[in-house]
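Inspection log for the structure reproduced underneath, given as structure tokens.
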Amino acid sequence: MRNVLIVMLGGFIGANLRYWLGEWMSSSSGFPTGTFVINAIGCFLLGWLLTYSEKNRLLSKEWSLLLGTGLIGSFTTFSTFSVETLLLIESAKYIVASLYVFGSIFLGIGLAYIGVRLALYCKKEEDIA
């Protein structure tokens, strides 16, 4: 039960961050900038956090649940991404929808990779020091 409460706390924080950042970044261009940027940031943070904390044994299981599953998990939003893509398609904005889908996938995977590599690099630097 404790772990559930920890995830809920992280989820509360992450969902609020997503809402306020999404509001701040809302755009009239038709491209869902807020969701795109939020998912990209989340991919990088989760890739970095999980790798860095595992390699350096920094986070307890509870902190990993709070930050990874709760905060970052609720901060990113695949369901919103999916609905926004469908709305773009229904509005016959096929090019924008395609850019959004492929951009989100490649940027997300790319930033997750950069986060993992950065965490591994930081670990090597600490081993040298």
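Cβ coordinates are placed from backbone N, Cα and C, and glycine is handled just like the others.
Proximity of distant same-chain residues to the transmembrane segment (4-24), defined by a Cβ-Cβ separation under 8 Å and at least 6 residues beyond the stretch ends, is recorded for 34-35, 37-38, 62, 65-77. If you look up Swiss-Prot, you'll see 4-24 (among others) marked as transmembrane segment, on the strength of sequence analysis.
Counting only same-chain residues 6+ beyond the ends of the transmembrane segment (30-50), those with a CB under 8 A from a CB of the stretch are 18, 21-24, 59, 64, 67-68, 72, 75-78, 80-81, 84, 88, 91, 93, 96, 99-100, 103-104, 107-109, 111-116, 118-119. Residues or ranges marked as transmembrane segment in Swiss-Prot: 30-50 (among others).
Residues or ranges marked as transmembrane segment in Swiss-Prot: 63-83 (among others). For the transmembrane segment (63-83), the list of distant contacts is 3, 6-15, 17-18, 32, 35, 38-39, 41-43, 45-46, 49-50, 53, 100, 104: same-chain residues at least six beyond its ends, Cβ to Cβ under 8 Å.
The feature Na(+) binding site is assigned by Swiss-Prot to GLY73, THR76. Other Cβ atoms within 10 Å of the Cβ of THR76 (Na(+) binding site), summed over all protein chains shown, number 22.
Marked as transmembrane segment by Swiss-Prot on the basis of sequence analysis: 95-115 (among others).
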Would you mind listing the long-range same-chain contacts of the transmembrane segment (95-115), meaning Cβ under 8 Å and 6+ residues beyond its ends?
30-32, 36, 39-41, 43-49, 51, 81, 84-85, 88-89
